[in-house]
Amino acid sequence: MTRRSVRLGCEKNLQPPENIEVYITDDNFTLKWNSRIETVENVTFSAVYQIPEVDDWMKLPGCQHIVVNKCHFSPLSSDVYEEVKLRIRAEKGNDSSSWSEVYSFIPFEEAQIGPPKVHLEAEDKTITIHISPPGTVDNVMWSLDVSAFTYSLVMWKNSSNVEERIETVHPGDKIYKLSPETTYCLKVRAKLLLYNKNGSYSPVCCINTTAENELPPPENLEISADNENYILKWDYAYVNATFQVQWFHGFLKIIRGTNLHKWQQIPNCEHIKTTYCIFPRKRLSKGIYYLRVQASNGNSTSFWSEEKKLNTGIYIVIPPPVISMKSINDSLRVYVNAAEGSVKQPYPLIYEIIFWENSSNVERKFLKEKNDFTIDNLQPLTVYCVKGRAHFVGEQLNKSSIFSNTVCEKTKPGNSYKIWVIAGICIAGVFILLTMYVMKTLLRCFNYVFFPSLKPPSNIDKYLSEQPLKNLLLLTSEEQIERCFIIENTNTNTIMKETNQIDEDHKKYNSQTSQDSGNYSNEDENSGSKTSEELLQLETESPEMNS
């Protein structure tokens, strides 16, 4: 048999591995496969990998020239969310099979949570549980999720098979109210609820509780709050005991490592003789805290009490808001303010506003996030009332204040009211002008009937152009007199004097009569006419006599 034929025969017997799988627990990677050439001696296996940043295939550390069907390796990159590709081949001497099909996976998706490390301490009727997260201190797989781990345990008395489950414990938590001098066993596992990953249980740990302490710890811790202070109360049967209170920030419980030294003393709650402690709310910012109390009597000191959880959000006291309003035309501007002297709330508030017209029982309700807003389109010169309360709506907490005092305000005249006022003024002006015109017309008719004019109408006046005719109807400022001439005849003079004397007397009489009666008399004219005729007659007779 030639060398070439031997080589071809070897290649024909060396088949590539198949059914490749990767198992991951914490930072421990295990690569497994199946081979169809188990009957061939001196066959080894080697694996290579490829990651997105590198185009070349690289040798997989810990998986070179392996004689069995599995190998172990560590994380290939600090990024456990990127895809990794693997392939394997069989080798014998200088000969090798073809590469297997590429197997790809994302480490974080395939990883399983390993068991945590558990250490127990017993004191009185209590067991303290110290838990270390899964993986090593510098592990890569859970480096971003250490604080997200939650832990559950299963605990039972060693003398009994009945298991008591306690969920969601934290490193450093205590299990209280156990029997003294009794052996308890437990096991713990970790969870990542965000990724729905449940780890495997730790090995079972057992511990024996100690004898009961002479001085018992305080019990039944209760927390209440008012607007400015927290009030912690507890029960204690022994007299002449003093107490001290400590607090611990909740987020420290989920930080890796021990935090027992992080407990802090609450001011004014040290060596107190009362079974309560009052401390200001502003001392603790928003968050979760744990409180504990210890009793002392002379040289004896009790163990710490059961820790009491304080969620500052639960003890929010929301005072009723103070509401004020300002009228702006046909709208109302509403201002919502905190009560004077109240503590500033660290949480955002939503305001429930109830609004109604004072003369009606129909209410309108709406929610506002801002503390000032406008209610539009209201009736002018109308009284409206408002009351409100504050709400805090959180993920695990709903709190509300009582309603504020009712505030009422009257709206001002709106633009529509101004238009009506202007229109009313215009209508009133037109009405006044029409009234004046009608009154003037009626007054003219009244004067025409009862106080006629002394001047005759024009159609009559044109026929009275001669002065004597006018004098018959009209008064004149001066009485018309006849012109007289002196005639030298003695007799005539005598007659004329007599005539003039008579005439003057007659004028005086007529003047008096005219003043008394107020009416014009034409007797003078008739008398004057007669006198004139007489004079003419005398003048005519005088020449005849002289002749």
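Quick reminder: no glycine exception, Cβ is built from N, Cα and C everywhere.
What TrEMBL says about this one:
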type	residues	note
DOMAIN	14-98	domain 'Fibronectin type-III'
DOMAIN	112-198	domain 'Fibronectin type-III'
DOMAIN	215-302	domain 'Fibronectin type-III'
DOMAIN	317-396	domain 'Fibronectin type-III'
TRANSMEM	419-439	transmembrane segment
COMPBIAS	510-521	compositional bias 'Polar residues'
COMPBIAS	534-547	compositional bias 'Low complexity'
Contact count check, CB pairs under 8 angstroms to the domain 'Fibronectin type-III' (215-302), set 14-98, 112-198, 317-396; argmax is 112-198
Across the domain 'Fibronectin type-III' (112-198), DSSP labelling yields 6 helix, 43 strand, 38 coil
If you run through the domain 'Fibronectin type-III' (14-98) with DSSP, how many residues end up as helix, strand and coil?
0 helix, 40 strand, 45 coil
Secondary structure split (DSSP) over the domain 'Fibronectin type-III' (215-302) reads 11 helix, 48 strand, 29 coil
